[in-house]
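One structure is given here, and the rest of the page talks about it.
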Amino acid sequence: MFQLKTLKMNVTKIILLSLLVILNIILRIPSIPHEKGGGDSFFIHALSNSLSYFGEANWWVNWLSSLGLYPYSYASSVPFALSATTQLFGFVGINSEKAVLIFSLIFGVFSVFTSFIFAGILFKKFLPKFIMAFFFSLSQGIMIFSTWELSARGPFMIFLPLFLFILLKEMPYTKKVPLFAFIFLFMAFTHHYFYFLLPISVIYLVLKIIYGSSQLKAYLKYLDYLFPIILLVAITFPFFTRTLITAGSRYSWIINVVVINLRYIGPIFIFIISGVLYSLLNMKKTFSEYFMLLAFLMLLPFSYSQTYGIYIILCFSIYFISVGFYNLFLVKNPHISHLKLLFIIFLLISFVSFSSFYNHTRTGSSQDYWYMQDSTYQSSVWTNQHISDGLRGFGNSGETWKLLASSDAHPILPTGGAVILAYKLINGTELPVIKISPTSSSYYFDGPYVLEQGNDIWGLFNWLLERVNIDGGNEMAIIDRFNLTYFVEDTHNYEPLVASISSSKDKVYSNGRIQLWLL
């Protein structure tokens, strides 16, 4: 009888996880005609195409280039993985956006398993594990970067639970050390967020030392009383010092931070309050609970960063949200059992609806450009067929960034960053760089080296677009220096130079949105 009951429970768990995987796939089935994303997505797409074409990473001019910590470089794991996917499925050239769809879908499904495995360290029962996997994999912070869109942030966030699992899992050090080294290096090659893995690892080591000594462990009870103070400092310190508040009112900045968290987590965000309070007041914390609380409090000040904060802290936020949400199931009151069930169902439907809505549409001005327009794709097909390999041009931003990736660099466009080196627009060994001091914050966020001022190629082309005479001496010097043949115009983005080009150069292609001029 016991074995039969256990078997039924295991079957139920398998069915629930399978349904969660299916739901993740369904919600990621695109409702748009082409790849979505901003500059980052199509930038990575272009880098991947260059790997498939040249067979090497031309932006690797220094060992730091592979980590994206050198001028005109980018962290390498995502472009390499996408290039492998493209070649594996045969979606090279103009069809590479199909590989992007498969690639992002694989990561989306993988997020279910990384979060569920990690939740196994934090919870003993199946239900809270499932809740955490459900909220993590379907949160907009994960969905947005795993639905026909490329980013380095998405894979980093998806692999972070696996990193934390290896860190917290009790196993022989002969296994833990090589696994830890492998996942750490992989994440270092994925995004410069890997810096945050270092203090997280230090927290783990300190706790292991404390737990290894009965005398030190006795002092942990005092830490429970300090947690509320640490929480208060973590929240208020950036506010009063304006750390990470770069513009405007501090109050409006906080409102924006809350809105961003709501946008990428959803209506369940409110449960982070009860989850954190429950953990603070719990006087019988396990090792993993101490770890999660300390890591969360350490990362909390970085939530003030509107650019990166949510992505750094998302995994920890989802954990505390799961704790708070699971506590609803522990409320034992027969008089409100039906209301409680309806409330839980309402929350789950609201959460899924919220994530699904923002996965398939946008509000405000962003709805006009959040995916590649069909006119851009049709232009890519034309340029891919009618422009020879290796010919170069420049564009006026907008959809031209997307055309570079979707046309498989027909023509090659200097869209900035590692693309400049990836398509051999300049010689990487001659980059004029300056070494940054380790005491500067730029050393950790931008890398140990930066370009000398006035040597940025992207800035040079921005200057060119502001000129009024394409045939001027300085203008022609730039065109000759980079051997440019075409100008790709997005008619929705006007630049002063466009008037000169349209009056003196020949138009070879136009579909209303994208126009191609022969220089």
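Heads up, the Cβ atoms here are built off N, Cα and C, so glycines get one too.
Now, the feature entries from TrEMBL:
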type	residues	note
TRANSMEM	72-92	transmembrane segment
TRANSMEM	99-123	transmembrane segment
TRANSMEM	129-148	transmembrane segment
TRANSMEM	155-173	transmembrane segment
TRANSMEM	179-207	transmembrane segment
TRANSMEM	219-241	transmembrane segment
TRANSMEM	253-280	transmembrane segment
TRANSMEM	287-304	transmembrane segment
TRANSMEM	310-329	transmembrane segment
TRANSMEM	341-358	transmembrane segment
Residues from the same chain, set at least six apart from the ends of the transmembrane segment (129-148), whose C-beta lies under 8 A from its own: 13, 16-17, 20, 23-24, 27-28, 30, 32, 35-37, 97, 100-101, 104-105, 107-108, 111-113, 115-116, 118-120, 122-123, 154-155, 157-158, 161, 263-266, 268, 310-311, 314-315, 318-319, 321-322, 325-326, 351-352, 354-355, 358-359, 371
Seg_contact(the transmembrane segment (253-280), the transmembrane segment (155-173)) with at least 3 CB pairs under 8 angstroms, min sep 6: no
Within-chain partners of the transmembrane segment (179-207) [C-beta distance under 8 Å, separation at least 6 from its ends]: 66-69, 75-78, 152-153, 155-156, 159-160, 162-164, 166-168, 171, 287, 290-291, 294-295, 298-299, 302, 308, 311-312, 444-445, 447
Tertiary contacts of the transmembrane segment (310-329) (same chain, 6+ residues out, Cβ under 8 Å): 115, 118-119, 122-123, 127-128, 131-132, 135-136, 139, 141-142, 153, 156-157, 160-161, 164, 193, 196, 260-261, 264-265, 268-269, 271-276, 278-279, 292, 295-296, 299-300, 302-303, 340, 343-344, 347
Tertiary contacts of the transmembrane segment (155-173) (same chain, 6+ residues out, Cβ under 8 Å): 77-78, 81, 107, 110-111, 114-115, 117-121, 136, 141-142, 145-146, 179-180, 183-184, 186-187, 190-191, 193-194, 197, 200-201, 204, 287-288, 291, 311, 314-315
